[in-house]
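Just below is one structure, and these are the notes that go with it.
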Amino acid sequence: TDLPRSPPAAAEPRHASPAAPRRLREKLRTAARMAGPPAHTAPGSRQQVQGGERRAQPATGPPAAARETRVPFRFDYERFRRSLRHPVRGRRPGEDPETRARRMKIKEMMKFAWDNYKQYALGKNELRPLTKNGHIGNMFGGLRGATVVDALDTLYIMELEEEFQEAKKWVEKSFDLNVNGEASLFEVNIRYIGGLLAAYYLTGEEVFKSKALELGEKLLPAFNTPTGIPRGVINLGRQDTRSLFSPCSGMSWSWGWASAGSSILAEFGTLHLEFLHLSELSGNPVFAEKASTSQLVLNRVEKPQGLYPNFLSPVTGNWVQHHVSIGGLGDSFYEYLIKSWLMSDKKDSEAKKMYDDALEAIEKHLVKKSAGGLTYIAEWRGGILDHKMGHLACFSGGMIALGAEHAGEERKQHYLDLAAEITNTCHESYARSDTKLGPEAFRFDAGTEAMATRLSERYYILRPEVVESYMYMWRLTHDPKYRQWGWEAVKALEKHCRVEAGFSGIRDVYTTTPTHDNMQQSFFLAETLKYLYLLFCEDDVLSLDDWVFNTEAHPLPVNHTNFKA
């Protein structure tokens, strides 16, 4: 999963964001004032902290003695757990034996993937199952254990208790944040921050919270740009992290392959869910404020045809080129808009309006129907359509269905129908291959429909987006075909991707004897297997009433109330 300096498909980010509700921002500011020193903002405007104490302030507010007796901010975990409307793992009513057997099979696949990672690659970022060794890569800036952190919540939800304890022990004893290297802000946020936050909310174990907050602080220097839009790469070293409120001096820059030093929509737009929870847990509003800057900038800038191009300058706040994609480079920006609204308990109306307006523009300009009747979302390059859809874009069926649940009555069925059509198209990309697994991208031109036409697009790297949409469509419609389609994917994974020591991606989905790429991606454990497992669970397991999944499938709670202790 290395992120190279040139932009092949493998370098594209996966899924989206802004918008912090004003009420929550005010609440967080108040909490931070109660907790101690103020959070820092951009260079030149933040107060300097020396020796852990603030410089002298004007004589306003309570006297020093009163300030010293304030109770530090504490998140009330027990109150949070009582606020959940459903048990995390569900109530387990009676179910048919076939559904349970299929769920147990997926649990066995997870145990197999974890056991082999533990045996051959524990502490490395990912397992190479053919050569039985570990892979580190260059995306995470020296951080290790990506598979551990990505797997924590899946192990917990599947009740793989012994394996969860193994993963927790590694985080406690071996997860070192004192590293010095180039990291993808996006990938560290969705995998590590998301994974640690989810593990904390599911278990209440303080180690996950403290690691998440410490790592979150290391990401803040990426936002030190003229616009507040973060750059995509951050050096996790070269910064002072003595306390949550200390100034940071980490270096950040844009990807070398990103157009004209630009930031990428799906990267700076996929921070909001996690950063809001960092503020919620710390009482420090700086995280929520940094993440919400994207919304302010994007609301101001003119959108061509109402669409959001993929590249934006963090210096000027203007678009760098007019390439629009719901797949890689754009994807999760849109996802995080609707999820920001849901996570705010439907209070963040700005995020909801941005989502509604964006979806309207997408439907008007990008949604097309093939000659064979398949609905797809094309890409847009300066007004010219590219009639292809990436595997990454297949999350959109689930997203549109999730949004449809909360549309007006006259639009709800329309969007559910659109979601079903897009999910069907993505299923066709699987059904039309020899392996019954989908290619990295598929096209609708030259008489071809829902199939890859280029050699460079025929691979499958254990991606989750298609089964993710199956899971949402099942929960929102209970049409049994989605469980059937999910089971087809399980059988194909077992047949073509399972090897002696784990699961591997394949290089060509159009041959029944594919060669393997020797990589068990961490997101296979975080996303693909979790979504498949949930597809065969009752709806109250990680209920959508209580939880919103980040773009790495890490469940983060809906903010039903204020949990300051």
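Here the Cβ of each residue, glycine as well, is placed from N, Cα and C on the backbone.
Remember, TrEMBL labels are computer predictions, not curated facts.
Bear in mind that the values here come from a model prediction, so they are computed numbers and not experimental data.
Copied from TrEMBL, the annotated features are:
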type	residues	note
COMPBIAS	1-21	compositional bias 'Low complexity'
REGION	1-68	region 'Disordered'
ACT_SITE	Asp331	active site
ACT_SITE	Glu465	active site
BINDING	Thr551	Ca(2+) binding site
Listed active-site residues (Asp331, Glu465), ranked by Cβ neighbours within 10 Å, top entry: Asp331
Cα separation, Asp331 (active site) to Glu465 (active site) (Å, whole number): 11
Rounded distance in angstrom between the Cα atoms of Asp331 (active site) and Thr551 (Ca(2+) binding site): 10
For the residue listed as 'Ca(2+) binding site', the number of other Cβ atoms found within 10 Å of its own Cβ: 31
